[in-house]
Amino acid sequence: MNTATCFIVLLVVATVIGGIEAGESDMRKDVMGLFRRVICTGADSPCAACCPCCPGTSCKAESNGVSYCRKDEP
């Protein structure tokens, strides 16, 4: 193989590897989003100091003194 052919092959391999890595980084973002959703406190659950309420909910105190994550009013 001559120099031009080697250069083209190297360019194609680099493009393929770059595409694979880009796909993996998107996958990592999805997995991290899933992980964040798992560790948040869902609606109608007691508020926890270690885990914030999930998006769309907020911590509200009840008459019994316990705070619960409740859905936000629109």
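A Cβ is built for glycine as well, from the same backbone N, Cα and C atoms used for every other residue.
As written in Swiss-Prot, here are the features:
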type: SIGNAL; residues: 1-22; note: signal peptide
type: SITE; residues: Ile39; note: site 'Important for the neurotoxic activity'
type: DISULFID; residues: Cys40-Cys54; note: disulfide bond
type: SITE; residues: Pro46; note: site 'Critical for the neurotoxic activity'
type: DISULFID; residues: Cys47-Cys59; note: disulfide bond
type: DISULFID; residues: Cys50-Cys51; note: disulfide bond
type: SITE; residues: Cys50; note: site 'Critical for the neurotoxic activity'
type: SITE; residues: Cys51; note: site 'Critical for the neurotoxic activity'
type: DISULFID; residues: Cys53-Cys69; note: disulfide bond
type: SITE; residues: Val66; note: site 'Important for the neurotoxic activity'
type: SITE; residues: Tyr68; note: site 'Critical for the neurotoxic activity'
Length of the line joining the Cα atoms of Ile39 (site 'Important for the neurotoxic activity') and Tyr68 (site 'Critical for the neurotoxic activity'), in Å: 16
Candidate nearest Pro46 (site 'Critical for the neurotoxic activity') in space, where candidates are the recorded positions Cys53, Val66, Tyr68 and distance is Cα-Cα: Tyr68
Which of Cys54, Cys69, all disulfide-bonded residues, has a Cβ with the fewest other Cβ atoms inside 10 Å: Cys54
Candidate with sparsest Cβ neighbourhood (10 Å radius) among Cys40, Cys47, the listed disulfide-bonded residues: Cys40
Cα within 10 Å of Cys69 (disulfide bond) - qualifying disulfide-bonded residues among Cys47, Cys50, Cys51, Cys59: Cys47, Cys59
Among Ile39, Cys50, Cys51, Cys59, Val66, the one of these recorded positions whose Cβ has the fewest neighbouring Cβ atoms within 10 Å: Cys50
Residue among recorded positions Cys40, Cys51, Tyr68 with Cα closest to the Cα of Cys59 (disulfide bond): Tyr68
For Cys53 (disulfide bond): intrachain residues, at least 6 apart, with Cβ closer than 8 Å: Cys40, Thr41, Cys47, Cys59, Cys69
Cys51 (disulfide bond) and Val66 (site 'Important for the neurotoxic activity'), Cα-Cα, nearest whole angstrom: 16
